[in-house]
Amino acid sequence: MKSLLFLVLISVCWAEPHPNNSSLEHERIIHIQENGPRLLVVAEQAKIFSHRGGNVTLPCKFYHEHTSTAGSGTHKIRVKWTKLTSDYLKEVDVFVAMGHHRKSYGNYQGRVFLRESSENDASLIITNIMLEDYGRYKCEVIEGLEDDTAVVALNLEGVVFPYSPRLGRYNLNFHEAQRACLDQDSVIASFDQLYDAWRSGLDWCNAGWLSDGSVQYPITKPREPCGGKNTVPGVRNYGFWDKDKSRYDVFCFTSNFNGRFYYLIHPTKLTYDEAVQACLKDGAQIAKVGQIFAAWKLLGYDRCDAGWLADGSVRYPISRPRKRCSPNEAAVRFVGFPDKKHKLYGVYCFRAYI
């Protein structure tokens, strides 16, 4: 009886529609192929490192598990690249290709294309890398009913720095924090970037926003005002807060730049407005906070002269600690936000390369 029932089921599954039965317009035949060519998508490297302004290739290739060919030839291959966000339910479209059709999205337009070094190569080339390009990318290949994905992380060489505005600590909601970083030639840092900075020695007791909306701070030397002296070093997590109402500092991330950062040699010290004009007269602009941090961290820039920056702060970068110039540590020293009209300092300028 069981054998008879099994044969009946098999007959039903493989039954063709009767040619004279025109009312069955939506009837379909489903063939299940147990050991057919399964589509596999692989990334040869899980992490790729680059820098702002550079070009990079995110690797991605596709195969069929039981064949040596890239595609079956029955269906067109569709390749889609998206960028993953901290909210795993959302993805940002980057690039899609199917046959001869190509489309890129947003600020990726004109900067992304497939490498296509072979018929199974879906690797994505990104040119003129921006700070915002940092993150995790998903390569999805679709052929008929089969699809598979691989994820590649794009890391950028750069530096994380804490930032608070002229008003003082804990004065930025999340959206203001994002703008503050952009104004200083940087973007709001991710947790991974802050964690890497902590591992490299960043110690900061003020809590700041991160790109996922969390508020955290890195401690390498536990002490009483910063979580307690008996706690272990680490990145302290305040959790997620209201992006509109809650106010903290922010951790920004910047990378190298296409230009020259320098201290302007000038016969006199300057007010803020005079500093702005002096840089313009020299064919440059007054430098931003992100630019002084990038020059210090990535180029080893060292200068013991305090100078104005675009946000009205006064700072100076020390890469070689010495007496009277940050004797205990290499750092970008913060003097403060002096009176713009009456206090006199030097100035740091930035001239972009054309």
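Heads up, residue numbers simply count up from 1 along the chain you see.
Each residue, glycine too, has its Cβ placed from N, Cα and C.
Features as listed in TrEMBL:
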| type | residues | note |
| --- | --- | --- |
| SIGNAL | 1-15 | signal peptide |
| DOMAIN | 37-155 | domain 'Ig-like' |
| DOMAIN | 159-254 | domain 'Link' |
| DISULFID | C205-C226 | disulfide bond |
| DOMAIN | 259-351 | domain 'Link' |
| DISULFID | C304-C325 | disulfide bond |
Could you give me three numbers for the domain 'Link' (159-254), the DSSP helix, strand and coil residue counts? 19 helix, 30 strand, 47 coil
Lowest local Cβ density (other Cβ within 10 Å) among disulfide-bonded residues: C226, C325: C325
Could you tell me the mean pLDDT the prediction assigns to the domain 'Ig-like' (37-155)? 91
Structural state census, the domain 'Link' (259-351) (DSSP three-state): 21 helix, 30 strand, 42 coil
